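In what follows, a single structure is set out as structure tokens and then discussed.
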Amino acid sequence: MTPRLFALIPCAGTGSRSGSAVPKQYRTLAGRALLHYTLAAFDACSEFAQTLVVLAPDDSHFDARRFAGLRFAVRRCGGGSRQASVLNGLLELAEFGATDHDWVLVHDAARPGITPELIRTLVATLKDDPVGGIVALPVADTLKRVPAGGDAIARTESRDALWQAQTPQMFRIGMLREAILRAQREGHDLTDEASAIEWAGHTPRVVQGSLRNFKVTYPEDFALAEAILARSTNAS
């Protein structure tokens, strides 16, 4: 049986670094909620069986009317960390017929620059891989190490062979669930899915990502994301 594809969008964060009273995934960019662009990219990939959005149980900002016409489901099962939200979402996917052998693509809600083309490139590259992998970019900037709380450079780090992880991150549902459970049992709260897979002893692959697929994190990121999205909307 051919493994099916599922998308999981953890959307339970508060976006405290963005400087906004409203969680950043609901901020309006180029006329739409930031989250809308992520959902629209996966909606355009009809090969996906389901896209599941994981919200915080007490999320009062989500309004389904802002995403009318897009195909997705919502579960209010977000946890206290990204790792917990993803794990809870993986467990909920069983309700939609997902099996351990099926693929899940976990994507940050705050990466509105994702495109159907990049999603399909990732799937095409990894669909026969025994582990899975992520989209990422080779590090282009010079890296400086600065002690915590300080402002003086301790040393320059080599950027050779370093890649900056992005999302989506694509793994078998069962493998990812067990990897996160193992990390959780051993007291680790990991910041992406590939870290859990690595912790379990597997070797994920990297697929070339895109500069436009950056994560909206700081206040100045919104203007850049809006310019990119407005240009894409006008071009279409």
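Any Cβ shown, glycine's included, is placed from N, Cα and C.
Feature list (source: Swiss-Prot):
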type	residues	note
SITE	Arg17	site 'Transition state stabilizer'
SITE	Lys24	site 'Transition state stabilizer'
SITE	Arg159	site 'Positions MEP for the nucleophilic attack'
SITE	Lys215	site 'Positions MEP for the nucleophilic attack'
So if I draw a 10 Å sphere around the Cβ of Lys215 (site 'Positions MEP for the nucleophilic attack'), how many other Cβ atoms end up inside it?
18
Report, in whole Å, the straight Cα-to-Cα distance of Arg159 (site 'Positions MEP for the nucleophilic attack') from Lys24 (site 'Transition state stabilizer').
30
Does Arg159 (site 'Positions MEP for the nucleophilic attack') have same-chain partners at least 6 apart in sequence with Cβ under 8 Å from its own Cβ, and which are they?
Val139, Ala140, Asp141, Thr142, Leu143
May I ask you to report the DSSP-based helix, strand or coil state of Lys24 (site 'Transition state stabilizer')?
helix
Enter the number of other CB atoms within 10 angstroms of the CB of Lys24 (site 'Transition state stabilizer').
28
